[in-house]
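Engineer: Starting off with a structure, shown below.
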Amino acid sequence: MHRFLLMLLFPFSDNRPMMFFRSFIVFFFLIFFASNVSSRKQTYVIHTVTTSTKHIVTSLFNSLQTENINDDDFSLPEIHYIYENAMSGFSATLTDDQLDTVKNTKGFISAYPDELLSLHTTYSHEFLGLEFGIGLWNETSLSSDVIIGLVDTGISPEHVSFRDTHMTPVPSRWRGSCDEGTNFSSSECNKKIIGASAFYKGYESIVGKINETTDFRSTRDAQGHGTHTASTAAGDIVPKANYFGQAKGLASGMRFTSRIAAYKACWALGCASTDVIAAIDRAILDGVDVISLSLGGSSRPFYVDPIAIAGFGAMQKNIFVSCSAGNSGPTASTVSNGAPWLMTVAASYTDRTFPAIVRIGNRKSLVGSSLYKGKSLKNLPLAFNRTAGEESGAVFCIRDSLKRELVEGKIVICLRGASGRTAKGEEVKRSGGAAMLLVSTEAEGEELLADPHVLPAVSLGFSDGKTLLNYLAGAANATASVRFRGTAYGATAPMVAAFSSRGPSVAGPEIAKPDIAAPGLNILAGWSPFSSPSLLRSDPRRVQFNIISGTSMACPHISGIAALIKSVHGDWSPAMIKSAIMTTARITDNRNRPIGDRGAAGAESAATAFAFGAGNVDPTRAVDPGLVYDTSTVDYLNYLCSLNYTSERILLFSGTNYTCASNAVVLSPGDLNYPSFAVNLVNGANLKTVRYKRTVTNVGSPTCEYMVHVEEPKGVKVRVEPKVLKFQKARERLSYTVTYDAEASRNSSSSSFGVLVWICDKYNVRSPIAVTWE
């Protein structure tokens, strides 16, 4: 029986050595036949050492005792996944006693509980300068195969964005599969969607069995989020795409000839970290070139961050990993996915808007945003708070808070917060309201989100909302009219979205995060036929394309652009691609003014490196950046050494023992060869000078003499040595040092920002500088 269990769990041939962690799993899996265990169970991510021999497995197996196999208190551990590519280890549901046994077994490194991560929930390609048949989108630059793996809610394979017309056969290097499942056949894949897998064991261990009346236990997308991100990154060109006539035009992914591999690890209530790791692990094994992750959790140390650890494994295999920054802005230090080997993407505006004019009874006009395209509403009475419902939640229009006798036929005012935006509209409609005015709070500022509401609705910024509420407070019979203007172009853009999470990074403050901004507000892309555009079950509408917002939408823009760069520069490392995207980013808008920040105090405030990183992505310039900052696995490991990580914690990333260099004690985390600079100064401390070293690689003109230009952060003197970098050949590497001298301490915590640029002919290699006083 011993041998049967061993072969059933871990089959192997005589000429294939077993990994040590597999022997470790067999050992703890079977050793519990000999002991009683406590009944409380929880799912864990477990990291183990990566050494292996079949002899160890056999010797452990032969040492087992099973005399208590029939004990009534016996509880079998549940092993969900074995991780071999993204990390070394496995996930399992264990009792407390079983976890203790695992911790005391040779080869164990660490364990932490599974958790649910959150999703960070088209014309944008044209706004970024990508047009069919021109420049980067001509046939020459699109000739090679690049595979984008998206970890999300799945995909809708029949969607028009995923046609494989004129695509070449699937690359022979592809090792993935198209897994069967509920309402998903292997025949659903084609030359565009070349891989499909679903991961739900971790989710079900936390939440319970998936409700297959509302979701599919397969890669099929029941929510729409995964279809939206996949079509944004790599969707085919679709003419006349629109949302009920709005935003009509050409829809396309950033790299429309790329292949797609869909890994469904996100379900109705979120994404279990164990499932996300399993999806990344499979993507690495399958052979993707880019991994796109529009999801994340709260910021935490990298050694307990599943995306940071699994993303490191992908980076080691030369895979570019793009992650959303999160939707917790504009509060500072909310950015997630901040590991330096990940590309962290903030959300920005395009110049496309959906204006609606609200004219209130005192003849003032307020400008909002709406996807409704019906007839105007004229002189309807307004209802708000106590004039709309008797419950305290009426101010937010939460479920069952409004009274029909108070709101029927009226325009209802709802404040943002406490419930979903489209759910507020559902409550207004349920209560007989004619329309909704959704007012931003001070925290949300002037953000104008165009949501797919179930009734006529207008989003208003904080200032106009305040004007509206002041009018309402002083009017006996307040009324309003609304005129819907459809789709408009030419608004000031780009601009950082207020909801986009901000730096500095809590886990790694010496690395400026986020890295880059990309379109993430009111983005049109493909949608699932099994989900309403509002995500409300009461909404019977079905659409081919939907308009939604979030850093979730920004992330696949960068994933697709990274694939585009990879198709032109197949030998570039993930760090080189990241550097090219960052150092060529735009910092001015379409009015030639500094890119603004919707979440900052003051309507004209310029965005900083903690809002948009290096700037807004410019794909055309990114393909020819001149210089790049390359970073190796060893560089990243030395960075972890500089964080004073123990050898055990570094082992989580390296997979094998890594000895920190003797000079690591004098290295700063800021010495990582990164395309931006984060300088941290402590008020009142003796440390007034910080010095960083950088090395750049010439990927532009073989001979070029770069001159440095510095715009100093307020309160800091910046010195660069040398001031000139003379390159004589392609791929030559030259180094420089930057010294930051604080002029004086600050009285409180604050930040100031500057820029360092290397200039030669057409090249402007720009790196942002962020200085923080603590």
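Glycine is treated like the rest: Cβ placed from N, Cα and C.
Straight from Swiss-Prot, here's the annotation block:
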- Asp152: active site, charge relay system (ACT_SITE)
- His225: active site, charge relay system (ACT_SITE)
- Ser552: active site, charge relay system (ACT_SITE)
- 56-120: domain 'Inhibitor I9' (DOMAIN)
- 122-623: domain 'Peptidase S8' (DOMAIN)
- 379-472: domain 'PA' (DOMAIN)
- Asn36: N-linked glycosylation site (CARBOHYD)
- Asn138: N-linked glycosylation site (CARBOHYD)
- Asn183: N-linked glycosylation site (CARBOHYD)
- Asn211: N-linked glycosylation site (CARBOHYD)
- Asn385: N-linked glycosylation site (CARBOHYD)
- Asn477: N-linked glycosylation site (CARBOHYD)
- Asn644: N-linked glycosylation site (CARBOHYD)
- Asn657: N-linked glycosylation site (CARBOHYD)
- Asn747: N-linked glycosylation site (CARBOHYD)
- 1-39: signal peptide (SIGNAL)
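On this model, are these features tucked inside or out on the surface, and what's nearby?
Structural biologist: Around Asp152 (active site, charge relay system), the same-chain residues at least 6 positions away in sequence with a Cβ under 8 Å from its Cβ are Leu119, Asp221, His225, Gly226, Thr229, Ala230, Ala262, Tyr263, Lys264, Ala265, Cys266, Ser292, Ser294, Leu295.
His225 (active site, charge relay system) carries a helical DSSP state (H, G or I).
Under DSSP, Ser552 (active site, charge relay system) is assigned to a helix (H, G or I) in the three-state scheme.
Per-residue confidence over the domain 'Peptidase S8' (122-623) averages out at a pLDDT of 91.
In sequence order, Phe216, Ser218, Arg220 constitute the residues six or more apart from Asn183 (N-linked glycosylation site) in its chain with CB-CB distances below 8 Å.
All chains included, 12 other C-beta atoms sit within 10 angstroms of the C-beta of Asn211 (N-linked glycosylation site).
Long-range Cβ contacts of Asn385 (N-linked glycosylation site) within its own chain (separation 6+, distance under 8 Å): Ala394, Val395, Ile413.
Sequence-distant neighbours of Asn477 (N-linked glycosylation site) (same chain, 6+ residues apart, CB-CB distance under 8 A): Gly361, Pro381.
Shown in sequence order, the list is empty: the chain has no residue 6+ apart in sequence with a C-beta less than 8 angstroms from the C-beta of Asn644 (N-linked glycosylation site).
Sequence-distant contacts of Asn657 (N-linked glycosylation site), defined as residues of its own chain at least six apart whose C-beta falls under 8 angstroms from its C-beta, comprise Ser647, Leu651. For the recorded site, Asn657 (N-linked glycosylation site), the DSSP three-state label reads coil.
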Engineer: Find, among the active-site residues listed as His225, Ser552, the one whose Cβ has the highest number of other Cβ atoms within 10 Å in the structure shown.
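Structural biologist: Top count of Cβ atoms within 10 Å goes to Ser552.
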Engineer: Per DSSP, how many helix, strand and coil residues does the domain 'PA' (379-472) have?
Structural biologist: 33 helix, 20 strand, 41 coil
Engineer: Between Asn211 (N-linked glycosylation site) and Ser552 (active site, charge relay system), what C-alpha distance do you get in Å?
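Structural biologist: Here the two Cα atoms are 25 Å apart.
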